[in-house]
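J.: Here it is: the structure, laid out below.
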Amino acid sequence: MAAAVRQDLAQLMNSSGSHKDLAGKYRQILEKAIQLSGAEQLEALKAFVEAMVNENVSLVISRQLLTDFCTHLPNLPDSTAKEIYHFTLEKIQPRVISFEEQVASVRQHLASIYEKEEDWRNAAQVLVGIPLETGQKQYNVDYKLETYLKIARLYLEDDDPVQAEAYINRASLLQNESTNEQLQIHYKVCYARVLDYRRKFIEAAQRYNELSYKTIVHESERLEALKHALHCTILASAGQQRSRMLATLFKDERCQQLAAYGILEKMYLDRIIRGNQLQEFAAMLMPHQKATTADGSSILDRAVIEHNLLSASKLYNNITFEELGALLEIPAAKAEKIASQMITEGRMNGFIDQIDGIVHFETREALPTWDKQIQSLCFQVNNLLEKISQTAPEWTAQAMEAQMAQ
């Protein structure tokens, strides 16, 4: 039967007629090829592709028929469809500029098959082949944004955050132009995941936390985003940014539902955390979050050591390296190195006396900090009063009169 299809195609290519008539006849041959099965179907469809890319067939007809051809292929068995997709891409390549739309469709379908097979890298690379910026066809913003996000997500699934970041950066140039709220959410999720994989934990936590307030997102997914925000905050390097994020999460009542709330509470209250208290939390982490740092310790170990060091700085005026090492459950030399790094980076106040082997902690004066906080609060209260008086001047006047009368 495949031979009959090939013969029909050869005869039709040498015949003349209107585009409409010829397209109708090619469509009948395509339907006949689709009805076949097994090896016969495969050979017939390959013959059809070869005919469509032949220069003797009008471009108007071949584009139209290849578009129809693409709509039929997802209904075929994945193994057959995959072979046909690869064959089509190979045959179209010399005339790819003439069939950009059809090639994009083929690549999207082929990527879906690879994704079902969990072959993430091949799925991503197939989509990368779509010339979104360099081709003749002008793709709309949403299509480009969705494709870049899909590529980034596939590279993340393949544990390649470097490539994922490259494509999320391309998506970031487009996301402000899109009005599709669902795509905006997908962008934020993907960007948060890229930051998470790249170990930029505090930035990832901020993105996840922002997502946890989006009402368009389902409640269970909002809680999942909040969980990721909490995990990333715990893994982040100790410092002011992390302290602010800990405060934000601790004040969020939803966090009390999360399994890691106990660790959050200890960190927010500047309590020393012991290694045996971390086992349950460590089991909740994703594989990339369990990676080791340059000194051989895990990301979690490093984060907790830094937290404990910061907590110790609020308990002691000074402490020897030996005592600090015992407190942090690490060698004295490692304790000195981490303390030195944190002081140098401005994440902890103090100085090191290497001759006596002592680290001295400095506390900031409390009064100026309180003054600034009170000043900020008064400023915000004034702003609120001004907005109330602008919105409801009559009510404000009555309230002030009542206050004066007391």
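Including glycine, each Cβ sits where the backbone N, Cα and C put it.
Copying in the features that Swiss-Prot gives for the protein in this structure:
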- 197-366: domain 'PCI' (DOMAIN)
- ALA2: N-acetylalanine (MOD_RES)
- LYS25: N6-acetyllysine (MOD_RES)
J.: Give the distance between the Cα atoms of the residue listed as 'N6-acetyllysine' and the residue listed as 'N-acetylalanine', rounded to the nearest whole Å.
T.: 17
J.: Same chain only, sequence gap of 6 or more: which residues have a CB within under 8 Å of the CB of the residue listed as 'N-acetylalanine'?
T.: ALA33, LEU36, ALA39, GLU40, GLN41, LEU42, GLU43, ALA44, ALA47
J.: Mean pLDDT for the domain 'PCI' (197-366), rounded to an integer?
T.: 88
J.: LYS25 (N6-acetyllysine) has how many other Cβ neighbours within 10 Å of its own Cβ?
T.: 17
J.: Does DSSP give the residue listed as 'N6-acetyllysine' helix, strand or coil?
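T.: Assignment for the residue listed as 'N6-acetyllysine' reads helix.
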